[in-house]
Structure formats: C-alpha cells, structure tokens
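Undergrad: Sharing the features that TrEMBL gives for it:
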- 45-294: domain 'G-protein coupled receptors family 1 profile' (DOMAIN)
- 30-53: transmembrane segment (TRANSMEM)
- 65-89: transmembrane segment (TRANSMEM)
- 95-124: transmembrane segment (TRANSMEM)
- 144-166: transmembrane segment (TRANSMEM)
- 201-223: transmembrane segment (TRANSMEM)
- 244-264: transmembrane segment (TRANSMEM)
- 276-296: transmembrane segment (TRANSMEM)
Amino acid sequence: CPSNRESQNLTLVSEFYLMGFSEDLELQPFLFGLFLSMYLVSVLGNLLIILAVSSDSHLHTPMYFFLSNLSLADMGLISTTVPNLIVSIQIHSRVISYVGCLTQMSLFLSFGCMDAMLLTVMAYDRFVAICHPLNYHVIMNPRLCVTLLLVSFFFSFVETQLHLLVALQMTNFKDAEIANFFCDPFQILNLSCYGTFTKSIVQYLVSIVYGMFPISGILFSYYKIMSSILNMPSSGGRSKAFSTCGSHLSVVFLFWGTGIGVYIGSLLSDSSRNSAVSSFMYSVVTPMLNPFIYSLRNRDIKSALRMFYDRII
C-alpha cells in the first residue's frame with residue numbers, strides 16, 4: 001500500500017478494471033454467445049416459475065410462495081453481473097466506473113444474501129411440513145410467510161449496507177484492477193489498505209452471520225426431517241417425504257457447494273482465473289439451473305407450466 005504522502009483517495013478514482021475470461025480476440029464471439037444464451041435461459045426459466053406459481057391457485061402455498069421469491073432473487077443475482085460482462089465483451093472494454101462498481105457490489109450482495117436467507121426459510125418450511133403435517137397450515141400462515149420474507153430482506157439490506165459503509169471508508173488502495181469478472185465485495189476489500197485485523201473482522205463477521213447461521217439452520221432442519229422420516233412406519237411415506245425435499249436439497253448443495261468452493265479455492269489458490277471461474281459457477285450457473293431442478297423434479301410445477309402454456313396458446 002502507498003504511504004500517506006503517496007495515497008490516493010478512492011472516491012477520486014473514476015473507474016476500475018475487471019478481469020476478462022480470455023484475451024483471445026477469436027474467442028470473444030463465442031464467449032459473447034455463451035454468456036448471452038445462459039443469461040436468457042436463466043431469466044426465462046425463473047420468469048416461467050414465477051408466472052406458473054402466480055397463475056395456478058393450487059400453488060398458492062408457502063413452499064411455492066418462497067420458491068417464486070427465490071426465482072426473483074436469482075433473476076436479480078444473474079442480472080447484476082452478466083449484462084455488464086456481455087457489454088464488456090461486445091465493446092472490448094473491461095472498465096467499470098467507481099459508482100457502477102459500488103452499485104454492482106451492493107446489488108450482488110442483496111440478491112446473494114436473499115438467496116441464502118430464502119433457502120434457509122424453505123428448509124424450515126419443509127421441516128414444518130414433514131415434522132408437523134397436521135399443524136402445517138396453522139404454523140405456516142400467510143402472516144408468518146410474509147414476516148419471514150421481510151426478515152430475509154432485512155438481513156440482505158443490513159449486509160449490503162455494512163459492505164457499502166466499509167467500501168466508502170476506503171481511502172487508500174493497492175490497485176485499480178479487480179481479479180474477477182464483476183465487483184466482488186471481498187476483492188474490493190482486499191484492494192483496500194485497511195489493516196489486516198480490520199479486514200479479518202469484517203470477513204469473519206459476514207461469514208458467521210450470513211454463512212454459518214443459514215447453514216446451521218438448514219442442517220438443523222434436515223436433521224429433524226431425517227429423524228422424522230426414519231421413524232415413519234411405511235416405505236411409501238418415507239419415499240414421499242424424501243421426494244418433497246429433493247429439489248430443495250439439490251439447490252442447497254448447488255448454491256452452498258459452489259459458494260464454499262469459491263471460498264476454499266481463494267484460500268488454496270492464488271490464480272485469479274480459477275477464482276473467476278468459481279465465481280461464475282456460483283453467481284451464474286446456479287441461478288440458471290435452479291428452475292430446471294424445480295421444474296423437472298416437481299409434478300405440480302410441470303402441470304402449472306402446461307396449464308400456463310395452454311392459456312397462452
């Protein structure tokens with residue numbers, strides 16, 4: 001980091017430089033088509049989930065209420081990073097403005113945290129449905145569902161404001177080049193000349209509150225679910241209970257698996273290219289696959305999609 005005499009004020013910096021996936025000009029058209037198609041598939045898939053849930057009265061239940069909001073958060077998450085990546089490939093420029101970088105960071109945090117919170121809430125919903133089936137509609141009433149959604153939004157807002165407050169306090173920086181294809185919050189924090197202790201406090205606080213707590217909630221819910229399923233007398237009941245959790249478990253493993261992979265990869269490897277690929281899996285591939293996981297493994301969603309298609313035709 002520069003000395004005080006040589007320091008530059010971050011608020012005076014007009015732009016940052018994002019890392020591209022390849023400098024080969026011949027690959028740019030292929031990357032442009034790949035990322036554009038993935039973005040369109042993701043947005044269309046999540047939009048169809050929202051339309052299917054809203055158009056079918058049989059799906060106006062807590063589980064599908066949270067699923068439609070998860071699809072909305074996924075659309076926001078992928079729309080935060082990919083459009084800017086596509087434009088940068090098209091115009092052959094990796095530059096992003098200072099304001100644009102902070103805006104992208106804030107939106108990414110908001111939607112990413114919303115994803116984590118909603119997956120935790122959905123695990124609780126499955127816990128109530130399987131462990132307390134007779135009281136499910138009493139416990140998961142519309143008022144509680146809206147409250148859980150608002151709590152998820154509140155935690156997302158708090159995390160965003162925490163990172164934004166820290167970013168705005170940066171006065172010195174090491175470099176203006178971000179080793180990722182978007183304004184990764186941890187990358188921006190590492191660029192700052194904050195002391196190691198301050199950086200560690202921020203990272204550990206965020207990891208505990210927005211990592212350990214949601215994961216602990218999901219693990220506890222599924223511990224109770226597994227205990228309840230194993231105590232069921234009939235194999236048919238166990239199979240039905242497992243099937244109701246299959247889609248959610250797949251999304252949880254995909255979301256947290258890639259997220260933890262990004263974190264571990266950043267600790268074990270200094271390769272910025274590998275970090276960018278891992279982040280791409282976490283922030284782009286996961287939101288794109290979620291609609292397929294829920295639609296392919298869920299008869300209600302497939303039926304609602306067919307009904308929606310018939311109405312249009």
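Just so you know, glycine gets a Cβ as well, placed from its N, Cα and C.
From a predicted model like this one, the values you see are computed outputs, not experimental measurements.
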Undergrad: Among 65-89, 95-124, 244-264, which stretch has the highest count of C-beta pairs below 8 Å with the transmembrane segment (276-296)?
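TA: Looking at each of 65-89, 95-124, 244-264 in turn, the most contacts to the transmembrane segment (276-296) are made by 244-264.
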Undergrad: Under 8 angstroms, Cβ to Cβ: which one of 30-53, 95-124, 201-223 has the largest number of such pairs with the transmembrane segment (144-166)?
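TA: The stretch I would name here is 95-124.
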Undergrad: Against the transmembrane segment (30-53), which of these stretches has the most C-beta pairs under 8 Å: 65-89, 95-124, 244-264?
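TA: Going through each listed stretch, the top one turns out to be 65-89.
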Undergrad: Which listed stretch (65-89, 95-124, 244-264) has the most C-beta pairs under 8 A with the transmembrane segment (201-223)?
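TA: Between the candidates 65-89, 95-124, 244-264, the best contact partner of the transmembrane segment (201-223) is 95-124.
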Undergrad: Averaged over the domain 'G-protein coupled receptors family 1 profile' (45-294), what pLDDT does the prediction give?
TA: 83
